[in-house]
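Here's the structure, in structure tokens; my notes come after.
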Protein chains: 2
Amino acid sequence: MTVDRDRVLRSAAALLTRKATATMDEVAKAAGIGRATLHRHFAGRDALIKALEELGLRELDAALDAARLDEDTATEALRRLIAESESAAGLFAFLITENQLFEDQQNEGWDRVDARIAALFRRGQESGEFRIDLGPAWLTDALYGLVTSAAWSIQDGRTAGNDYQHMIVELLLGGVRRSVEK
Amino acid sequence: MTVDRDRVLRSAAALLTRKATATMDEVAKAAGIGRATLHRHFAGRDALIKALEELGLRELDAALDAARLDEDTATEALRRLIAESESAAGLFAFLITENQLFEDQQNEGWDRVDARIAALFRRGQESGEFRIDLGPAWLTDALYGLVTSAAWSIQDGRTAGNDYQHMIVELLLGGVRRSVEK
DNA sequence: CGTGCTTGAGACGTTTACGTCTCACCCGGG
DNA sequence: CCCGGGTGAGACGTAAACGTCTCAAGCACG
């Protein structure tokens, strides 16, 4: 009977990503709980947003750890990263689109994530796996965009859910152009 | 002295994309006008959002027309589309992230845009230019994500503004993997 | 130089969502 | 069986943003 905090946060992320102005009442209903209960677990809207941020960053860090970005080729590491990101794609989409979190000062946790991902792209460039005419900063942002798009595309039923990894990995690595090799 | 309606809308799009919960007062200040003046031009928040939607869709349609998606190779048409999208990238980012516009019924204008872009990808697949293991729907969503990411990356100063076209075109067409050919 | 239109600033009442609280209910454990 | 913690529904006062209005000031144009 006790409310599953993670479940509430995930449904809130899904709702708030689509409709950032959603009411606390709407957030509660989307989670299938009463507004009073929502307030019992999260002191207010700010606390809810903060909890979303924390959970998202925690899962993102965990995904980065699990992906072991320093091992194997950068290509393989990138594949692992995308695979690990799948379960938290909805939270990531929220984090990425809700830049409002960092209106004053840049967020520390987010900076760390940024740096780790950019380092992966840089490693791939130095090893000769990745092209060097696109900067690591843009590649990082592009990855964010693709993850968000994929999350929405699946959420809205435009693409199949089990294509998540393939969709992102293939497009990011090989692009849309038909390759002669392979 | 008269307020430039387009200018107001563009600054509103930039602000609301970053912070969807921004006050009318904040929107006005961001545009450099008073709140009263903002209300004179847009009856209310809903009207402002609607105006943003209309302007965005109008510019998007114009970009699609100007890109002449049916001519030349699909690759060249895609390049033109991205080039034409640059001036309105901020508005597009708003439209893409503010799915709340279409909570009830799917938006007609947006469906039309979707169909035109998906058709371009389909044409490229049929002509053998594009790979066929990624569906047109996903490719369309992926393009949206890259456009949004590029707009933000430039707005936040992480990447240079005049790289817009190159960033998107190259990543979307060729991917991040270093190609042996060319 | 004067008239008229548009603006910015601010006051005002209204609406809306917020956050707190109460109370009856239900489910699970002792 | 009963008891207690957690819940949903709803009432309530509060805070914030909304939308309207007034008024003085500025610029444009005749």
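From the backbone N, Cα and C atoms, a Cβ is placed for every residue, glycine too.
Just so it is clear, the model here is predicted, and its values are computed rather than measured.
What TrEMBL records for B:2-60 is domain 'HTH tetR-type'.
Annotation source TrEMBL lists DNA-binding region at B:23-42. Sequence-distant contacts of the DNA-binding region (B:23-42), counting only residues of its own chain at least 6 positions beyond either end whose CB sits under 8 Å from a CB of the stretch, comprise 3, 5, 7-8, 11-12, 14-16, 48, 51.
Confidence in the domain 'HTH tetR-type' (B:2-60), given as mean pLDDT, stands at 94.
Across the domain 'HTH tetR-type' (B:2-60), DSSP classifies residues as 45 helix, 0 strand, 14 coil.
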